[in-house]
């Protein structure tokens, strides 16, 4: 009976998580549809009206010819060529831009505004990602450990001033999150707004979409053909992404641990399940170690 109740508790908790997850997706889909559908319809109508006006002003063109030209523009955009401006636009594959692209590959951001167009480049990108993504995860993990060490030093320094351990831990984490937010989430949008001509809201949107590795590609630094960027601009942006991802990963890890602690407090049965899993893991390791040891003679 006790096992049945425990199994029912597990099923109910899993079912609740599934229900919460898909409910969150449904709510998000509904809100996005309400916010964006009307704007899409207006943009579509505006584009069709502009095409009709263009055909009316240039009678030498017909509808199919215009559609072919629009397709040429779309193909150029998909290949990373900005249709505006002329052939003197900055290259998408200079070293700085290539370094930035390599960073978006290994971090799985994938803006989508630029991709290899040659077969050899596509094949190399596949193998480069296969090796680079695990390497990047190991690097971010190690960088997160270094940040954890600095956080521990900060806690020990504050502990010498404030003798209350729990208060010091909360204060140290608060300072760590606040300083990281200022360095990686607040100041960069100001710089991007100044360089790219975006509003602060657009800069902050780009920052979060990038660091969350969503990477829509609607805003990407260093892509305006009318602006002259310094050579290392996109490379510096790539370095910022790497360190900001390490900080954000550590913050999200702290958040997940807090959520797990909260679930354990609200559902005492989870504490028992975790203890059983840990005991099973420990006993499994012990049995494995004993199995690897040579048998001792009783003589």
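Note that Cβ sites are derived from N, Cα and C of the backbone, with glycine treated the same way.
From the options 146-164, 203-221, 260-278, the stretch TrEMBL describes as transmembrane segment is 203-221. Feature annotation (TrEMBL): of 118-140, 233-255, the stretch labelled transmembrane segment is 233-255.
Note on the transmembrane segment (233-255): residues 95-97, 99-100, 102-104, 107, 109, 136, 139-140, 143-144, 147-148, 173, 177, 180, 183-185, 188, 195, 210-213, 221-222 of its chain, located 6 or more positions outside it, place their CB under 8 angstroms from a CB of the stretch. According to DSSP, the domain 'Potassium channel' (88-148) comprises 42 helix, 0 strand, 19 coil. The DSSP breakdown of the domain 'Potassium channel' (189-259), given as helix, strand and coil counts, is 47 helix, 0 strand, 24 coil.
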